[in-house]
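A quick write-up on the structure given underneath.
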Amino acid sequence: MTVTRVVDTSCRLGEGPVWHPDEKRLYWVDIESGRLHRYDPETGAHDCPVETSVIAGVTIQRDGSLLAFMDRGRVGRVVDGDRRESARIVDSPTRFNDVIADPAGRVFCGTMPSDTAGGRLFRLDTDGTVTTVETGVGIPNGMGFTRDRERFYFTETEARTVYRYAYDEETGAVSARERFVESPETPGLPDGMTVDSAGHIWSARWEGGCVVEYDADGTELGRFDVPTEKVTSVAFGGPDLDSLYVTTAGGDGDGSAGEGDESTGDAAGALFRLDVAATGRPEFRSDVRLG
């Protein structure tokens, strides 16, 4: 396994990587700096088409545009790199965190806890209606689906747990929650995640400096070191979905990571690529109508 620092972004809180197959580019966000980043691995070009107050995650719509999940329950569209109209879909004093589209075009989206209430997990349906899935969540984080589309994964960071639910693709309902992976002894806290073409789970470890691979039964298969501690999320990308991109946090948000020895943490906030013996699956696309 090799690890390469591909973009020196110095994100304060890099998160939410997603591969856009139409554009052949990777998108991710710096939540606290309010920047939407994109990277073209063929040319090496990197830019930030959107800068706003807060942007917590994006999904790719079926028409190729993006849904951008922000703060105070707001969701907007990004078309050709320009942020368009936004709508408030939930009443929340906090920001969104991780988001994921499901096979039918819905979006599961978590909000951070406030001083008076825990975080929540919502399901945004294609017609714009919203259903509360979970309440009282510490920090809602990475999500995914099994290969057969019959199970849904949801990470609760403070509980150090990845949960697994029965999932109904027709209705979007989830039920029968069970603990899939508990990791009290694994370095760091479980953060973002993805599911590969073999059904294995790749879990980023906040303050653990690594990505952990599990098989479909929850057995740990390996740990892959990243040269900075705050590893936030992962996504497979590239034309063949054979590169594992890793977002990180802890930079100063000025857009360029440190140039020193990576082992000292100077690479905090950069985007990395891990060359692992695995391939991903195309991300499901959202198909949500706002407003």
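Counting begins at 1 with the first residue displayed.
Just so it is clear, glycine is given a Cβ too, placed from its N, Cα and C backbone atoms.
According to Swiss-Prot, the features are:
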type	residues	note
BINDING	Glu15, Asn141, Asp191	divalent metal cation binding site
ACT_SITE	Asp191	active site, proton donor/acceptor
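Sequence features annotated in Swiss-Prot and their locations in the structure.
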residue	record	DSSP class
Glu15	divalent metal cation binding site	strand
Asn141	divalent metal cation binding site	strand
Asp191	divalent metal cation binding site	strand
Asp191 (divalent metal cation binding site) CB neighbourhood, other CB atoms within 10 A: 27
Cβ neighbours within the same chain of Asn141 (divalent metal cation binding site) - under 8 Å, at least six residues apart: Asn97, Asp98, Gly110, Thr155, Glu156, Thr157, Pro190, Asp191, Gly192, Met193
In the chain carrying Glu15 (divalent metal cation binding site), residues 6 or more apart in sequence that have Cβ under 8 angstroms from it: Trp28, Val29, Asp30, Ile31, Ala56, Gly57, Asn97, Asp98, Gly192, Thr232, Ser233, Thr247, Ala249
Additional residues around divalent metal cation, ordered along the sequence, whose Cβ is within 8 Å of the centroid of Glu15, Asn141, Asp191: Gly16, Asn97, Asp98, Ile139, Gly142, Thr155, Thr157, Gly192, Ala204, Trp206, Thr232, Ser233
